[in-house]
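*Asks:* Here it is: the structure, laid out below.
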Amino acid sequence: MTIRVGINGFGRIGRNYFRALLEQGADIEIVAVNDLGDTATTAHLLKYDTILGRLKAEVSHTEDTITVDGKTIKVLSERNPADIPWGELGVDIVIESTGIFTKKADAEKHIAGGAKKVLISAPAKDEDITIVMGVNQDKYDPANHHVISNASCTTNCVAPMAKVLDENFGIVKGLMTTVHAYTNDQRILDFPHKDLRRARAAAENIIPTTTGAAKATALVLPQLKGKLDGIAMRVPVPTGSATDLVVELQREVTKDEVNAAFKKAADDGDLKGILFYTEDAIVSSDITGDPASCTFDSSLTMVQEGKSVKILGWYDNEWGYSNRLVDLTVFVGNQL
């Protein structure tokens, strides 16, 4: 069954999601896009991307449509989710990627408009469930879970790492630092922002800031509630990030044992295709366009006094996340 999807918000994640489903060849039809920009701009930004390059498809537009390789997509421009006629358009699932309507009370307006499910491409509030693919998708209940969060890109990276460590060795506690590419929530030049550090020029500074990714891991691995915390360091690259996780384990381990656990998880089981494993000396640009949620860098594993372990996972914070959003769409759509 082809899954009929509407996208609300055609920004970085909305467009990356569109490209990812084309590349995956997923059985998903984009029926409509709702975005406040004009169709000429929407089509142009889909066709040309600074990071991913030119879309390998023919793109054209009219006043209220865009056409990609002969497939015409309706373009709407509604500010209020309640005004979008998803039901009339036959949309099954809405991708809520504006970054604005992350509360359940707002997101479920899409359901009132006729959609069956809403997938929020961000951490959410009061959502029915947060799902990190490869970690807790088995907890999904189609009868009761309608507003679903795909968590954050960083949670999608750190949760698989925490899952492997906790299942194999047991986590007592841990701290995380995400070395994160700058995003549209920062300023290109110094300009007011409620976070005074994010008010500073993104391409000229290393910017310490907050992240809820470590704590949010407990939403998908509840046994880790209260055990993890962390911060973010925003750095001057447009994409390509890394999660540095330091934990105290319940038992003593060696570097080889830790790496072997990650190698096994990457090769087999729920994390195959989601967690990658590398022994190469890579840098951030090497994972641009990488579909993994996390590429585990085995050469950087450190063990101190047996129980203190430091590991690092790379992730393309846009592309990897968007690929998981496609996976989640297929997962939920196949159970409609």
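Glycine is no exception: its Cβ is also placed from the backbone N, Cα and C atoms.
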*Asks:* Quick check on the annotation: Swiss-Prot has R12, I13, D35, R79, S121, N184 binding NAD(+), so which of N259, N317 does it put in that site too?
*Replies:* N317
*Asks:* Rank the binding-site residues S152, T154, N184, N317 by how many other Cβ atoms lie within 10 Å of each Cβ and give me the one with the fewest.
*Replies:* N184
*Asks:* Which residues does R12 (NAD(+) binding site) neighbour through Cβ under 8 Å, counting only same-chain ones at least six apart?
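*Replies:* The list for R12 (NAD(+) binding site) reads T183, N184, E318, given in order along the sequence.
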*Asks:* Among all the protein chains here, how many other CB atoms are within 10 A of the CB of R198 (D-glyceraldehyde 3-phosphate binding site)?
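*Replies:* For R198 (D-glyceraldehyde 3-phosphate binding site), the count of other Cβ atoms within 10 Å is 20.
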*Asks:* Identify, in sequence order, the residues in the chain of C153 (active site, nucleophile) that are 6 or more apart from it along the sequence and have a CB within less than 8 Å of its CB; answer 'none' if there are none.
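*Replies:* For C153 (active site, nucleophile), the qualifying residues are S241, Y315, N317, E318, G320, Y321.
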*Asks:* Among the recorded positions listed here, R79, H180, R234, whose Cβ has the fewest other Cβ atoms inside 10 Å?
*Replies:* R79
